[in-house]
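Novice: Pulled from Swiss-Prot, these are the listed features:
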- Asp105: active site, proton acceptor (ACT_SITE)
- Asp7, Val8, Gly9, Asn10, Thr11, Arg12, Leu13, Lys14, Thr133: ATP binding site (BINDING)
- Tyr96, Gly103, Ser104, Asp105, Arg106, Thr183: substrate binding site (BINDING)
Amino acid sequence: MTFLALDVGNTRLKWAQYDAPVVGAKLLAHGAVFLENIDRLAENDWHGMPEPSAILGCVVAGDAIKRRVAEQMEIWDVLPRWVHSSPQEAGLTNGYDHPARLGSDRWVAMIGAYHRLLARGIRKPCLVVMVGTAVTVEAIDASGKFLGGIILPGHGIMLRALESGTAGLHVPTGDVRDFPTNTSDALTSGGTFAIAGAVQRMVDNITRHCGEAPECIMTGGAAWKMAPSMSVKVELVETLIFDGLLEIASRRFKP
């Protein structure tokens, strides 16, 4: 019973095929494509792939993208299922004012992070940081309640905003420096410090609220670039959303 997991973000679609819809399943294949190339998945990445027994995904890119992805899966006689944020799932309680409005990728990543800690016997507050097109920082207490989170622009959005609103800032990407002495480094360092500072503020908030410092788990396409500049210790987990999808699938697709 193979299982196909999908993470459809704002920029790329990432997929992973496992030998079963269970936690700890063996990874058989995986890949990623930019959204402009998803109409060729059936003839490229998924060509010749055995038909999965179950498909589960999360999508934040909108209904039009979801329909295009669904069309590519018509090569199989399997109906894909999509995660929608709910009041409770897999041991987590959703503290959002309107739970269904929470981005499904944020919800799935939190489920993956929470169970990653539980598997190691850790019951502590947790921050989940996703660094991609946008940056999100989610706070979860030791009981598994999502307390709330923040959203801020990713590096690319910050730079484009400055370029469009300020004359003379069309410069190459720079490096992160403690004291930048050129515009390229100043822009790159400013964006990096803004993200790192937001995470530190959330660490302070949850530490004050829960009475102990949190574990910090970071994921996303730009997480590896951000990690060296963080002021707090973070654990980098590339597969966090897939881990969350496996946790959900193990409950939804029971034999």
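Each residue's number is its place along the chain shown, starting with 1.
Note: Cβ is positioned from N, Cα and C throughout, glycine not excepted.
Source: prediction; values computed, not measured.
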Novice: What's the CA-CA gap between Tyr96 (substrate binding site) and Asp105 (active site, proton acceptor) in angstrom, rounded?
Specialist: 14
Novice: Can you check which residues sit near the residue listed as 'active site, proton acceptor', meaning Cβ under 8 Å from its Cβ, same chain, 6 or more apart in sequence, and list them in order?
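Specialist: Asp7, Gly9, Cys58, Val60, Met130, Ile241 - these are the non-local Cβ neighbours of the residue listed as 'active site, proton acceptor', listed in sequence order.
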Novice: How many Å separate the Cα atoms of Thr133 (ATP binding site) and Arg106 (substrate binding site)?
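Specialist: It is 13 Å, counting Cα to Cα.
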Novice: For ATP, what surrounds Asp7, Val8, Gly9, Asn10, Thr11, Arg12, Leu13, Lys14, Thr133 with a Cβ no more than 8 Å from their Cβ centroid?
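Specialist: Along the chain, the qualifying residues are Ala32, Leu35, Val60, Ala61, Gly132.
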Novice: Taking only same-chain residues 6+ apart in sequence, whose CB is under 8 Å from that of Arg106 (substrate binding site), what do you get?
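Specialist: Residues satisfying the criterion: Ser85, Val128, Met130, Thr136, Glu138, Gly149.
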Novice: For the ATP binding site, please report the maximum Cα-Cα distance among Asp7, Val8, Gly9, Asn10, Thr11, Arg12, Leu13, Lys14, Thr133 in Å.
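Specialist: Across Asp7, Val8, Gly9, Asn10, Thr11, Arg12, Leu13, Lys14, Thr133, the widest Cα separation comes out at 14 Å.
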